[in-house]
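Have a look at the structure below, then the notes.
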Amino acid sequence: MKANLLVLLCALAAADADTICIGYHANNSTDTVDTVLEKNVTVTHSVNLLEDSHNGKLCRLKGIAPLQLGKCNIAGWLLGNPECDPLLPVRSWSYIVETPNSENGICYPGDFIDYEELREQLSSVSSFERFEIFPKESSWPNHNTNGVTAACSHEGKSSFYRNLLWLTEKEGSYPKLKNSYVNKKGKEVLVLWGIHHPPNSKEQQNLYQNENAYVSVVTSNYNRRFTPEIAERPKVRDQAGRMNYYWTLLKPGDTIIFEANGNLIAPMYAFALSRGFGSGIITSNASMHECNTKCQTPLGAINSSLPYQNIHPVTIGECPKYVRSAKLRMVTGLRNIPSIQSRGLFGAIAGFIEGGWTGMIDGWYGYHHQNEQGSGYAADQKSTQNAINGITNKVNTVIEKMNIQFTAVGKEFNKLEKRMENLNKKVDDGFLDIWTYNAELLVLLENERTLDFHDSNVKNLYEKVKSQLKNNAKEIGNGCFEFYHKCDNECMESVRNGTYDYPKYSEESKLNREKVDGVKLESMGIYQILAIYSTVASSLVLLVSLGAISFWMCSNGSLQCRICI
């Protein structure tokens with residue numbers, strides 16, 4: 001009875017003891033992140049680094065409208081296909097939009113030489129000046145400048161390219177021509193021309209009066225001599241002849257010289273180019289809307305400051321880097337493991353606290369105390385703020401380093417460069433895989449470091465309290481300490497702010513600690529006596545029982561007993 005009473009008193013004393021616990025914040029967040037060692041770790045706070053949404057629209061880029069080619073393509077626009085007349089007034093744009101199935105390109109059949117390279121050059125042009133390089137009325141007085149064809153009809157009538165002149169015989173003669181232009185524009189000038197290849201000698205004679213014609217085009221770094229290739233060909237757009245189209249970029253101060261005695265499709269208009277790093281060409285079926293953006297893709301505009309996107313690899317403007325990842329989320333908070341009430345209030349970050357506190361809302365790490373005056377939470381503002389500053393700086397640094405926004409336009413290859421195109425795709429895929437791997441690895445490593453950082457902070461807070469209390473309190477697990485003395489709210493605050501007065505409470509703690517130890521010792525002594533008594537009594541009962549059984553068996557003859565002297 002005495003032992004039971006002492007044990008009960010000890011239990012009551014423990015139940016009334018003041019306690020303080022170290023813990024961390026938890027909330028109802030369902031955000032999950034991946035680390036090097038774990039997947040789908042639920043955390044209290046995180047930031048998304050991957051943009052996966054767009055508005056499905058073509059928008060102005062930094063306030064400047066794009067050039068929509070509509071049913072025309074680059075070739076039809078630059079040569080001046082009559083069906084592209086609405087594009088003639090255009091002088092500037094933010095980017096150029098082609099549709100996948102544009103109908104109006106070159107109208108007279110033939111090849112546009114180095115067309116893909118020209119598109120690449122135009123991808124960095126944001127405006128141009130269209131000007132008469134060789135005026136129609138004065139440049140070719142001895143030749144007919146009104147050549148037209150049904151292949152380039154407009155409104156039901158034969159016509160021709162708006163930027164070129166088809167020079168033919170005049171009054172039965174095609175005298176040798178020579179004309180030049182000096183670039184005084186102070187910028188590169190794009191010059192286009194063509195060479196006509198008739199289907200037979202009769203047409204050659206009728207148009208140019210010369211069966212041995214040639215065309216010569218010369219600049220300081222371009223020198224070509226062309227001769228017509230007269231041959232029967234299958235009809236395209238009802239034409240058995242062909243025209244090949246050529247271009248060159250004339251540098252400032254340079255001169256271009258045209259010399260011919262037939263078959264020249266002469267330039268009438270040229271373009272003084274102004275380069276712009278934010279321009280580009282995209283192929284898209286999206287429609288134009290009244291909106292503004294800093295980043296345009298063929299699928300739609302992206303308005304985001306995130307460093308990565310998985311929407312489209314082709315982008316115009318200040319755009320996130322394209323990666324193939326489906327998720328890139330960086331942790332900024334803690335593991336989110338709310339404490340389970342059936343286990344008690346306190347429970348483990350860093351392996352010694354089983355769960356976080358949803359009741360602590362003003363910090364990441366802190367305390368929960370319980371004494372005669374009640375109980376409550378208090379965040380440790382200093383460690384929380386230091387952690388927030390460190391993680392915020394880290395996230396900003398990561399985003400700043402990876403947020404290299406730029407234009408990524410597709411490369412152009414003609415049908416004869418299929419192997420080069422395939423090789424380029426493999427190279428691009430390789431770079432894309434590297435970018436994706438680097439982005440994912442960076443996030444995994446930083447998430448691991450952040451969660452370890454939080455674990456370390458909680459441990460440090462625990463050790464800070466432990467070093468103050470020393471033997472004035474005992475560790476009871478789950479990040480908690482039980483005081484050997486009364487600790488009111490003022491005392492609790494001193495523990496939290498690091499000013500706990502150990503000597504002040506050491507005498508009271510010593511007495512209470514000795515009482516508790518004495519109760520344990522006395523209880524242990526009584527239990528030992530009871531154990532010995534129980535063992536002896538059990539042995540005596542066993543011996544008496546064995547003797548009774550032996551006497552009974554002897555009396556009925558089942559057991560013979562012989563006593564020898």
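Using N, Cα and C of the backbone, Cβ positions are placed for all residues, glycine too.
Between Cys107 and the candidates Cys72, Cys84, Cys152, Swiss-Prot annotates a single disulfide bond, the one to Cys152. Here Swiss-Prot annotates a disulfide bond for Cys59; of Cys291, Cys295, Cys319, the partner residue is Cys291. Residues Asn303, Asn556 are shown; Swiss-Prot lists N-linked glycosylation site for one of them, Asn303.
Least crowded of the disulfide-bonded residues (Cys59, Cys152, Cys291, Cys319, Cys487), judged by neighbouring Cβ atoms within 10 Å of its own Cβ: Cys291. Cβ neighbour count for Asn285 (N-linked glycosylation site) (all protein chains, 10 Å cutoff from its Cβ): 11.
Fewest other C-beta atoms within 10 Å: among the disulfide-bonded residues Cys72, Cys84, Cys107, Cys491, that description fits Cys491.
Around the Cβ of Asn303 (N-linked glycosylation site), the number of neighbouring Cβ atoms within 10 Å comes to 14.
Ranked by Cα separation from Cys491 (disulfide bond), the recorded positions Asn40, Cys152, Cys295 are led by Asn40.
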